[in-house]
Every structure is written in structure tokens, then in C-alpha cells.
Amino acid sequence: MAQTISLRKGNTRLPPEVNRVLYVRNLPFNISSEEMYDIFGKYGAIRQIRIGTNKDTRGTAFVVYEDIYDAKTAVDHLSGFNVANRYLIVLYYQQAKMSKKFDQKKKEEEIAKMQEKYGVSTKDKLDGVNEESGIEIQKIFLAYRARSFFLSSSLLFHLHKVRFFPRKSCITSIPVGSHWILPHFAALTKAISNYKQLTTGASLDEGEVKDDNLNQILDAIENAPESAARKIGTTYVDGLCKAGSLFAAVRLLRLLCYKNIFLGPSAYNIILVAASEKNDIEILSRVFKDLIVSCQSLPSASYSKLARGFVKTNDDVQLLRLVKEVSELTFPSSTTVVNRIIFAFAECGQFDKALVIFEQMEILKCKPDLVTYNTVLDLLGRAGRIEEMLCTFASMKEAGILPDFISYNTLLNQLRKVGRLDLCLVYFRDMVESGIEPDLLTYTALIGSFGQSGNISEALRLFNEMKTKQIRPSIYIYRSLVASMKKMGKVELAMTFLEEMNASMSNLAGPKDFKRTRR
């Protein structure tokens, strides 16, 4: 409701398609009126809900709000909302489009009658069609084109034989200079060369791309071959963003999704970057939610671009609202997704925001797991917040989550950096007592630490222990020991280890040996 009030106070100009009546698709067939009121009633007073019960209308419903701003809030929040493992499609009801759909059915019935009259089908050839039937055949052709079917252009004026092909299967590759696709590329070139003609001349806050221009873009993408549609669509999205029409770019992606055309994460990433540059958290959040609903597994770049979008804001409320909505959309994989969000914020250096998300995970009904704690331990260590790191490690154990070798190596590495060798030994022993075998990374951190502090005897003890366990030393360990021995004046011993290193160079551990699969 707070958002609704702010919209009214700001005298926000709503897009022309916004109205109080919503058309909802992809509902569970057995959903009840009470459940619908429970879902949609959170966003404002509802005048009426009508659920489809016929064979053709099952899974759909009309929701009528008392207030148009409540309807807009519901569309913004419930598009892609998960109900019984079905993601809702929430649209504004548009009578013209519904009437057009009804007229389309009538056209299809007329086409069927004409097919029957002239013996035309999508599989069979027409032989012996004479000139007198030319007008009727052209009518059939136009009707088929309206239904997204393709008629070979070479037969338009020489109607001796006619064959109809489904659009998706008629062409598998497009030769350079194909005449039928050129108009769409021409439209694309014109749009990219003159972005201002795509818009009303207003910014994102003042206006949007005209509907006829948006429809032209949709036609160009729909009529392009599948191999080129994604590239063309992404180019349009990039053009709209460069023209400052972010809202139009979002609309384009949504309309394409409704037509089962998904451009891929790269197109969404373009809008995420543009929204970040304009510090538009609302569009940033909306696009990320759309992306995560459309794509089962997001690339790391998408999470990074989301995190960078929050660099200029300190509004934790918006951040937590987004994380909550994302966790609901991705259930039961919420923890994995939230872990990746925390990691992205940590990688961008936004440690405080990453910790805010971590601290609120229980409230978000998203339980932290081992990966969560390991990520947080690492970011606390990198931030120099050692005491918090150790407290988090203790709370991890209290929560019943057993640390693994990554947990202990993270602690040892960060404690080494701040010179807390006493604690390094404590956690090293705890690691061994917990039944977790130290690896190359563990010994590298400990041997380097004790060597630099002048405790050569402890460094050599760990070095011998490592070799006893048949863990191959790396060149880094040898160099660390040699440097430490020279520093302590033990030159002869240093030369002995240097010769040993050179003699076993081909058998030393390399970078790949530092990687270890979690057990």
C-alpha cells in the first residue's frame, strides 16, 4: 500500500495500457476464489474476481481492482509469482486485443471453409488451379499469412501449384540477400541509426516508445529466422537502452516472453547495466526477477551486474524486498540463488550489503547452508573483521553445520595474514580432530606463516608431516622456506632446500593441485 500511496502523491503518469481489470493466465486449474483473493487482495481492494471454468478458459481469471494504482502494483509484483509450481502471467485486460482474438477465430473458421471448398490443406498440393480461382487463392494466402504461415513467394503470381508451409519449418538457413527478410533488417538499421524516432522524445520518467514502433520491432523479431531472432532482439534492446528508453526495453522483453521468445541473459544484462548507470533500482529489480523466472541457471555476470546496481544506494529495504521476492520465485532452490547474490555483493566489495542479506536469511525463510557460511567467512576475513569471522564460524557449528576443508582453510589463511599464528595452530588442530585432512593449501598457509615469523622448526615439522602424508610440496613452499632460512642466517640449510627444489622441479605441485573437490 505504501507504494500505491507514493504513486498517487507523485501524480505518476501511467502507461496507456494500465487499467483496473487484470487478465491472469497459467493459474492452477483447481485454484479457489478464496486463494485468488488471498494472493491478489494484498495489493488493494478487489471489486470482483472471475475464474475460468470451461475447457477453453481453465487456468485463467479476471481480477477487477477498485483502484487503478492497486492494479499496477499487482502486475509489478505478481508477474512471475509462483503458485503451486506455476508462474503467473498477469496482464492488463485490453478489449481491443480480446476482440481481435475473437475475430481471428472467425477468420480461421472462414479459412477452413475455403480450404474445404477448394481442397486446400497444409500437407497436400493443389494441382490444376486455374486463373479464375486466383482471387480466392490469394484470400487464402493472406489469411494464412495472418496465422503466421509462409507461402512460397514464387507462386504468388503463377498459381499453377500451391503449397503451404508452417513458418518455423519453411526455412532452415537464410542466404545472403534473401528478399523476404530484407525489410526487417532495413527496419532494424533504421531504428538503430535514429533512436529518437523510436520514442516520443521523452525520457523514461516522461514517456515511452510508441506502441506502433514497438509493434514494428516485435514483427521484425517474430518474422526473423530463429537463428537471427535473438541477435536482432538483443540489438533492439541495446538501442532502446542507449536511447534512454529503459521501460520500453523491459516491455519488449516481456512481450517477447509472452510470445515464447527468450532472447537470453545477454539482453537482460544490457538493461541491468543501463539501470545501474541511471541508479534505477525499480527497473533493475524488475528485470532481474524477469530474468530469473525465464532462465533456470543464470550466468555469474548477471548476479555481478545486479550487485553493481546497488553500489550507489544504501536502501537496505529495497534490497531485502528484492531478495525476498527472488527467494519466493526460486523456491525450493532459494538458498542456492541467495548464496550467489551474497557472493556477487562480496566480490563487488559491498560487504555490508552481503552481510545484511545473510543476517536476514532466516526471516526470508531461506536457511543458510555450508556454502553460505564459507562465503561469509571469506568476506569477513577479506574485510579484516577477524573477530566477526571467528564468531560466525562458532555460530556455524552451533547451527549444526559441519565445517569442511574450505571453512578451515579460509580461517587459516585470514589468520595468517593478520599474524595470529597462535590461533592458526588452534584451528589446525581442530581441523585434524574433526577428521578433515589438511591439503596443500592448508600446509602452504601454515608453513609460510611460521617461516616468516622465524619459527623455522615448526615450519620444517609441518613440511615433513606434509611429505609423510604424500602431499607434494609446491614451488611456493620451497621458496618460502628458503627465504625464511636466509633471513634467519641459516644459509647452508637454505641452499640444501634450494638444491632439493631444483632436483624435484618436475614433480612439484602445480596450480591445479591447489583445487580440491568438496567431500
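Yeah, the Cβs are placed from backbone N, Cα and C, and that goes for glycine too.
TrEMBL lists 20-95 with the feature domain 'RRM'. Look at TrEMBL and you will find 334-368, 369-403, 404-438, 439-473 tagged as repeat 'PPR'.
If you look at the repeat 'PPR' (369-403), the same-chain residues 6 or more away from its ends with a CB under 8 A from one of its CBs are 335-336, 338-339, 342-343, 346, 351, 354-355, 358, 361, 410-411, 413-415, 417-418, 420, 423, 434, 436. Looking just at the repeat 'PPR' (334-368), the mean pLDDT is 91.
Secondary structure of the repeat 'PPR' (439-473) per DSSP (helix as H, G, I; strand as E, B; remaining residues coil): 26 helix, 0 strand, 9 coil. Remark: secondary structure over the repeat 'PPR' (369-403) totals 26 helix, 0 strand, 9 coil, with classes taken from DSSP.
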